[in-house]
Ligand SMILES: [K+]
Ligand SMILES: [K+]
């Protein structure tokens, strides 16, 4: 482990992050909401801490190895979550406890979008803007890490993407690759955000709301500036824009990058993961809208808009709302909730286990059934025309098992803190999948549950965002040996 | 597919099964409960049907292949479930609908032990005896199939046991192997049942209750002759006997066979699956008893007896009860319920996914985490000192995925029939794991849920008992080709 280099990276990271506390100051002054002081203090603390960490090691140079990659990735979210919580603590409205501030901050950065705050419509604009910006920053972090770092670390089958990463590929060293890739992806991310904001504005949002919601849409975050979320606007045009950009943000950003660079849509058509993702969305929408109409929960028009919006929002793990899907009839709430376990494509800002893994799991299940009938046949698992290495399939299984086991353990811990079955079940599902809203007591917000439960959920958000393994590996003795 | 031979096997099976309707007639006459006529009619219908199926093909001789094995195994449970339901339909008390009778019969034969009947204490003795005997017959069927047939079919990693099966091993032909193995295992099973009955009687049960409960204990069935189940007897001695024999019945019967034949306990000590099973039981008991004491749910003595009894009963998927564990505090009901997903050892009468598969899943999860740190190290998965083939590990993963996916699909179907979340969740868990009692509306019995739900649960019981794949493979077009 190269602790000096890791310190340098973290120091720089904190100093850069501290700069992101300046836009909220500007927003505060623009709207004159008397809250700029909270951000200034937070800026000072963050910058100075970063500087103090960075100074003693500023001229250390060393290539990072895989272990350093794990540690930096995990620390990235944890440390930013910690310092990102400062404005919530210093702000006068809302004035959050340490636990609540950390929850809100981590929920923002991991693009989970679970909130402990109510009465959003009455908060200072700077705080509202800051929450949205946290998600946006988290989103770009996720994409860079998912496309550039995770394939190299070999998390749960993501070696698959090693060859497809944009930018120069050097397997043994992280640094040059991250920089190139980060630049390329950041531009795509920025352009998509601007386009989304423009569309929201054209569809009728104020400039402030358009920017804020573009942030949390492209990041698949789900934070809103209104308690009623997207439902606040009561506009089909806004819903349509939102649905479109949620689907787009759930796609592998490497595909967007290629499409942009080569000015062609051909990469989209030929991607098997995208095709699976689109078909699941289409099928899910048909089932949801039909069942809502059939049970006369809504008239057809409302069933169509609410059904497709909620399906896309939950499946992509965005978590925006226009209707309370938790009271929809029979299996619909659970169906939507289960689809969030799939989530977005790998290399997107979406949460969940990722489409590609679910595809591989289904294909392996089918293969095992076919193998029973033809025990000696050789049946490679294929994604598109490419055979998938056994090693990758094993890694995906490992991922699935550890995901399920982690879910169970945290679920039982939540039950032990006194939450009821549905609240605990959905809260873990909503956080490990980085979805946001749950069912039961956490349908609307997470403010009323006990502090211990909130910390468990913080861990769950991190676990999901770090693809489980990146975090768990730090708890093995083997990681720290030698 | 050799349909003629399959018909002959089924014909013989039905004729043999019809004979098992005679002991209830004897019980009816002995207790003079005026119910013998129901069994006589059922006997006639079953025997004649079997004879009609058998007669045209009685001199067909042909070796069975693997596909025939799948079909016969699936039909074994389905056909016996169908004809086993007859006495419930013809009996005056209880007079069950076709749905309820089929549910009760399948629940008995698959040793699930979920019941639609209440007021057991007032039923004719012959019906009570018949339910217990159904479980006992199902139990021996399971063991023979699990030890002799499934390893050959290669269901979910059970090739592991191919070399360990008692009796002569011939991989390509089923017939001689089944006969030898069945005889050997039947004797072990019978001796254990007699021993268990004797212990129950010595501990204070009536002869009738002792025999009846020995049947359902050794079969890990969970049916009782009293609504209050084992709690009816209010006896620590009986609880102790029950706990011991539930644990024993959850062990691979091949181990019992070797121990008996070679007059040694050494096979027990050296079996890694058994060691894991015992350790999970010990750990689970400690957690359960401590938490019950700590929360002052019971005093220590009651916490000890009720805690260890319910843990063993649910973990082994027996489903006997002495206390309503569904109202125990916090995570305990869910913990017990989750342990039922593990269930007994392979080759036992227990349900669930089986200990060996859970072991392999945990080991693979650990291996994937270690592989992240040492990507190029070769790390074979070992059970005891033996390396497990990759093919077996893949099969176990396939099993796990299909198990979870089947669970989800059936769960949503149940929700669609109108059951609430906990009832639906636990009902599927209790049936696919062949456990019996659920939570919510199915804590006490399954009588009040809608008929559609009952049929879904029948399918779920079959699915669990047939190790999922044996049933699902019949629904693939590939199975029926050529
Ligand atoms: K989200
Ligand atoms: K049972």
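Numbering starts at 1 and runs along the chain as it is shown here.
Including glycine, each Cβ sits where the backbone N, Cα and C put it.
What TrEMBL says about a protein is an automatic prediction, not a curated fact.
Feature annotation from TrEMBL assigns K(+) binding site to B:111, B:112, B:220, B:221, B:317, B:318, B:434, B:435. If you look up TrEMBL, you'll see B:12-31, B:37-58, B:70-90, B:136-161, B:182-203, B:237-255, B:276-294, B:327-347, B:395-416, B:453-480 marked as transmembrane segment.
Here the listed stretches are B:12-31, B:70-90, B:327-347, B:395-416, B:453-480, and the one with the most C-beta pairs under 8 angstroms to the transmembrane segment (B:276-294) is B:327-347.
Under a cutoff of 8 A between CB atoms, and with a sequence separation of 6+ in the same chain, the neighbours of residue B:318 (K(+) binding site) are B:113, B:216, B:217, B:220, B:221, B:222, B:246, B:249, B:312, B:350, B:435, B:436. Other Cβ atoms within 10 Å of the Cβ of residue B:221 (K(+) binding site) number 32 in total over all chains. Those residues of the chain, other than B:111, B:112, B:220, B:221, B:317, B:318, B:434, B:435, with a C-beta within 8 angstroms of the mean position of the K(+) site C-beta atoms are B:110, B:113, B:219, B:222, B:316, B:319, B:349, B:350, B:351, B:433, B:436.
Remote same-chain residues near the transmembrane segment (B:327-347) are listed as 143, 146-147, 158, 160-161, 220, 249-255, 273-274, 277, 280, 284, 287-288, 291-292, 295, 297, 310-311, 314-317, 353-358, 426, 429-430, 433-435, 439 (criterion: CB distance under 8 Å, separation of at least six residues from the stretch ends).
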